[in-house]
Amino acid sequence: LLDTTFLVACLLRTGHPLYILTFPVGDQYTDLTNGSEHLTELDSKALEQEIPPDEKQAMLPGEETCIETKLYWRRFSVLAVFSFYSLVNAFQWIQYSIITNIFTHFYNVSSDKIDWLSIVYMVAYVPLIFPATWLLDKKGLKLTALMGAGLNCVGAWVKCASVRPDLFGVTMTGQIICSIAQVFILGLPSKIASVWFGPKEVSTACATAVLGNQLGTAIGFLLPPVLVPNTVEDIELMGHNIRVMFYWTAVVSTALFILTVIVMKDRPSLPPSQAQAVLPDCAPEDYSYRQSIINLFKNKPFILLLISYGIMTGSFYSVSTLLNQMIMACYKNQELNAGRIGLTLVVAGMVGSIICGLWLDHTKTYKMTTLMVYILSFIGMLVFTFTLDLNNIYLVFFTAGVLGFFMTGYLPLGFEFGVEITYPESEGTSSGLLNAFAQIFGIIFTLIQGRLTTDYNPLAGNLFLCVWIFLGIFLTALIKSELKRNNVNMGMNHRNLQAVSPILSIYLREIFYFPVLSSERSASS
């Protein structure tokens, strides 16, 4: 295509015919001194007829048929519905931890049991991610989305029956159901972005899908302290407030499940990009989920990304879970501000996610962006650690915002980078493994940092995270960046690069180095 475009441009510019030397020597181009040369005259009309009529159509390497790509307006509805039910699931994850002191009083349990209402999300994810990604790859996007939205709805209604001091087991059951729903949610952002959105908007779409989960965490930090104030002297009022929060969550979850049934589809009728157009050529019965997992674990750059992504995201989970305890250890009676600080952390991260997504769509500098965000997250964690106990709550708001901007903004970067370096493996499988490692590190970090915070102080727990994030910087720097999906979308795979260069080289040498064959040839040159 580049060769043809170059010749057409010359013709239209000069108006003269061009002479091209061709060599019938198989697949390789030889030097002009070898082989049999053929002098061919091409005029502008003939070459103009070679231009494809529709630039939306493209020829796949090694195939004879043209494929068409198209973007559908429905993609925005799919993205919106997913983002909202992901929001509700994230809200239910953090709604206990941010008011730990209130729930410990209501259920008459220790704070570590309330921590487990958050940790159970991470524990459930690790063993269930493999059947969940198998379901996504084999049965499609819609069924997986229905599982996530449906279980989220069921878990919310179970919690409504747990508002009594002796029913802590029931609320734990409801939270376990919601944690299972999360398994069918967290791996979908990159899948939805790849299946429904074009190459120039895929990173932004993924960031927006992740944004829904982050927004749910932000609302989970903000609303529970407002809806359930610390009424220690009136246990009945406390129960009423908890009940109101649970019922509203259940109603919204039900409405979103109905919307999921109506809106969700496995994929559009026509693919949105060249990368997606190639994938359906593999029949479903030929796809091996086991082989896909093996391929991913043989991919060394992806292994490094798994560990570095797990460290960063696990640190975020740990900070989010223990934020109430850290703030309450340094600032007494500040439950409401603890929620607002969490809100600041996540909202700043939402802004970071969108900016990073737009930046990636524009530049495609995945490794450089990921590494810079990782370094800035480490700096933000250091600043947050050493300013937490300076008896200035407003400074904590600022440092938490800086930390959240980079730490939470990293989440969609990891998803998209993983898809790029593992293409053409399933987006759901790579994202699922990234999330699994994030949950594993989240469990470990939350338990260790929680113990350090309880036995010593928040400084010890935060320094523990700083050491691990510093290690993650080096792991990220070692990742070899090969943007396989982007290369397919841009039509710049290795074979095309090798083919185009010799054609142009031969043509230029033919013009400038061979004797002029005629005056017309000279004018053209």
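Quick reminder: no glycine exception, Cβ is built from N, Cα and C everywhere.
TrEMBL labels come from automatic prediction, so no person has curated them.
What you see is a predicted model, and the numbers here were worked out from it, not measured in a lab.
Here TrEMBL flags 78-484 as domain 'Major facilitator superfamily (MFS) profile'. In the predicted structure, the domain 'Major facilitator superfamily (MFS) profile' (78-484) carries a mean pLDDT of 87.
Beyond its flanks by at least six residues, the transmembrane segment (76-96) meets 103, 114, 117-118, 121, 145, 148-149, 152, 155-156, 159, 175, 178-179, 181-182, 185, 188-189, 192, 196-197, 205, 208-209, 211-217, 219-221, 223-224, 245, 249, 252-253, 256-257, 259-260, 263-265, 320-321, 342 of its own chain at Cβ-Cβ distances under 8 Å. The feature transmembrane segment is assigned by TrEMBL to 76-96 (among others).
Taken from TrEMBL, the feature transmembrane segment covers 116-136 (among others).
Sequence annotations record features per position, and here TrEMBL assigns transmembrane segment to 245-264 (among others). Remote same-chain partners of the transmembrane segment (245-264), defined as residues 6 or more beyond its termini with a Cβ less than 8 Å from a stretch Cβ, comprise 74, 77-78, 81-82, 84-85, 88, 91-92, 95, 141-142, 145-146, 149-150, 152-153, 156-157, 159-160, 162-163, 223-224, 227-228.
Per TrEMBL, the feature transmembrane segment maps to 302-320 (among others).
Per TrEMBL, transmembrane segment is recorded for 341-360 (among others). Beyond the transmembrane segment (341-360), the same-chain residues lying 6 or more positions past its ends with a Cβ under 8 Å from any Cβ of the stretch are 94, 98, 203-208, 210-211, 214-215, 217-222, 319-320, 323, 327, 366, 369, 373, 396-397, 400-413, 416.
According to TrEMBL, the feature transmembrane segment maps to 366-386 (among others).
According to TrEMBL, the transmembrane segment annotation covers 393-413 (among others).
Same-chain residues lying 6+ beyond the ends of the transmembrane segment (433-452) with a Cβ under 8 Å from its Cβ atoms: 112, 115, 118-119, 121-123, 125-126, 129, 133, 186-187, 293, 296, 305-307, 309-311, 313-315, 317-318, 321-322, 325, 414-415, 418, 460-462, 464-465, 468. Residues or ranges marked as transmembrane segment in TrEMBL: 433-452 (among others).
The transmembrane segment feature in TrEMBL is assigned to 459-479 (among others).
Sequence-distant contacts of the transmembrane segment (393-413), counting only residues of its own chain at least 6 positions beyond either end whose CB sits under 8 Å from a CB of the stretch, comprise 189, 203, 206-207, 209-211, 214, 312-313, 315-316, 319, 327, 331, 334, 337, 340-342, 344-353, 355-357, 360, 366, 369-370, 373-374, 376-377, 380-381, 383-384, 387. Panel annotation: around the transmembrane segment (366-386), residues 308, 312, 315, 352, 356, 359-360, 396, 399-400, 402-403, 405-407, 409-410, 413-414, 416-417, 420, 459, 462-463, 465-466, 469-470, 472-473, 476-477, 479, 481, 483 of the same chain, lying at least six beyond its termini, place a Cβ under 8 Å from a Cβ of the stretch.
Residues 94, 97, 118, 122, 217, 221, 296, 342, 345-346, 374, 377, 381, 403, 407-408, 410-411, 414, 417-418, 421-422, 430, 433-435, 437-446, 449-450, 465, 468-469, 471-472, 475-476, 478-479 of the same chain lie 6 or more positions beyond the ends of the transmembrane segment (302-320) yet place their CB under 8 Å from a CB of it.
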